[in-house]
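Undergrad: TrEMBL feature annotations, pasted as is:
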| type | residues | note |
| --- | --- | --- |
| ACT_SITE | His138 | active site, proton acceptor |
| BINDING | Asp96, Gly146, Tyr308 | substrate binding site |
| BINDING | Asp173, His175, Asp269 | divalent metal cation binding site |
| DOMAIN | 25-323 | domain 'Histone deacetylase' |
Amino acid sequence: MVNGKEKIAYFYDSDYTGYYYGADHPMKPQRIAMTHHLILGYGLHEHMDVYRPRRAQHDELTAFHNNDYVGMLQTTTPEEARSDPRAFLKYGIELDCPIFHGLFDFCRLYAGASIDAARKLVNGDADIAINWAGGLHHAKKGEASGFCYVNDCVLGILELLKAHARVLYVDIDIHHGDGVEEAFYTTDRQGKGPSGVMTVSFHLKREGFFPGTGALEDKGELLGRGYSLNVPLDEGIDDEQYLGLFRPTLDAVMRSFQPGAIVLQCGADSVKGDRLGPWNLSLQGHAAAVAHVKAYGVPMLVLGGGGYIKTTVARAWTLETAVLTGQSVEDALPENPYLEYFGPDFRLGWDRPKYNVNFNKRADLDRLGRRVQEHMRSLAAAPGVGLSAHPPEALLPACDLEDPEVVHARLGEYTKAHCGHFLWCVEEGYAGPGA
């Protein structure tokens with residue numbers, strides 16, 4: 001447990017400014033540098049231990065990812081990918097996830113930061129560890145997806161499981177955290193012990209919105225049954241509605257699951273005005289969710305994620321760095337190399353004026369909240385393992401499974417949903433033969 005003044009580790013590398021997905025691609029790694037320079041301008045770095053990340057090694061990446069997939073990322077050039085695009089579709093390489101110069105180095109850098117941040121928590125060198133370059137939650141075991149190539153969230157969780165019996169993953173990106181959920185969907189901890197990982201995702205769920213997964217009914221299967229919690233929301237949700245559901249949901253999860261560590265993915269595309277995200281969360285509302293998780297006093301790995309207005313992302317993650325360090329900052333932005341991008345207001349707390357129609361009705365949210373609470377009550381009490389104890393590798397509990405045909409039917413529907421986005425890309429001509 002975190003007591004008194006927290007020790008905070010912060011990871012950043014100036015090399016992030018050198019990576020480029022492409023001219024028309026919404027993902028801009030430069031947003032990480034813009035965040036960093038606001039953090040420096042406010043002096044927040046003085047309240048953290050600042051580290052330059054180490055690049056992850058091949059065997060660290062293959063702790064989750066397939067060896068051949070990692071090899072493809074390492075050896076494929078942009079020219080090769082363009083010359084025979086169909087050869088790389090099985091790896092998810094298409095318009096959303098192009099091969100660009102320096103891609104593998106970029107992956108090693110942000111993944112290494114998340115792995116080492118998790119190790120700081122495991123070794124007791126930090127109570128909170130921050131990697132705003134991380135949070136790339138869509139990547140699958142052998143497939144890139146949704147601008148994500150290496151799933152540093154999963155790698156961080158696996159590192160934390162070396163010391164903590166239970167790890168909670170919380171995702172506040174507007175897109176469903178499908179890659180992390182899928183990694184643990186049929187087993188609680190890669191098959192190595194009782195109830196080690198629970199995933200909780202708050203996201204937009206509507207027809208045609210990526211990745212198309214994350215239904216309330218998707219709760220995990222086999223040993224993972226009950227340990228995936230999805231909170232699907234409609235367009236236009238505001239601070240009051242979101243926090244009114246987020247806070248009691250997390251409180252119930254904490255009471256039941258009792259995690260020894262938390263991984264919090266803070267995608268900023270859930271903030272109002274994002275190019276891809278049609279919600280009405282303010283910067284302060286997004287930060288309030290981070291503050292609520294911090295208040296549990298459990299070691300936290302804090303990661304970035306989505307966010308496609310660079311200045312909004314930088315504002316959000318700077319404000320949340322202030323929350324995590326317990327510092328108050330002025331609304332007027334400090335001098336920094338990117339200041340001109342923040343005009344004409346030059347304020348930290350400025351929310352973009354765009355408003356999205358709110359389709360979230362009170363009755364629907366109340367009903368959703370009740371179902372979430374029922375789900376948590378249905379979970380068995382947290383296993384009798386001390387929070388600081390290493391989970392047992394043997395003596396696995398007996399698993400009283402349902403009818404296999406019923407389970408397989410549900411898994412078939414889950415897989416079908418996860419393939420939906422790719423099939424849509426094929427239909428639209430973005431992937432597949434002739435693309």
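Note: Cβ is positioned from N, Cα and C throughout, glycine not excepted.
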Undergrad: Residues with Cβ closer than 8 Å to the Cβ of Asp173 (divalent metal cation binding site), same chain and 6+ apart in sequence?
TA: Gly135, His137, His203, Gln265, Cys266, Gly267, Asp269, Ser270, Gly305, Gly306
Undergrad: Taking the centroid of the Cβ atoms of Asp173, His175, Asp269 (divalent metal cation site), which other same-chain residues have Cβ within 8 Å of it?
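TA: Neighbours found: Ile174, His203, Gly267, Ser270, Leu276, Gly277, Gly305, Gly306, Gly307.
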Undergrad: Name, in the order they occur in the sequence, the residues of the same chain whose CB lies under 8 A from the CB of Gly146 (substrate binding site) and which sit 6 or more residues away.
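TA: Result: Asp96, Cys97, His138, Ala139, His175, Gly179, Phe210, Pro211.
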Undergrad: Do you know which of the binding-site residues Asp96, Asp269 has the most other C-beta atoms within 10 angstroms of its C-beta?
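TA: Highest number of other Cβ atoms within 10 Å: Asp269.
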Undergrad: Neighbours of the substrate site Asp96, Gly146, Tyr308: Cβ within 8 Å of the Cβ centroid, same chain, sequence order.
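TA: Neighbours found: Pro26, Met27, His138, Phe147, Cys148, His175, Phe210, Leu276, Gly306.
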Undergrad: Please give me the CB contact count at 10 A for His175 (divalent metal cation binding site), counting all chains in the structure.
TA: 27
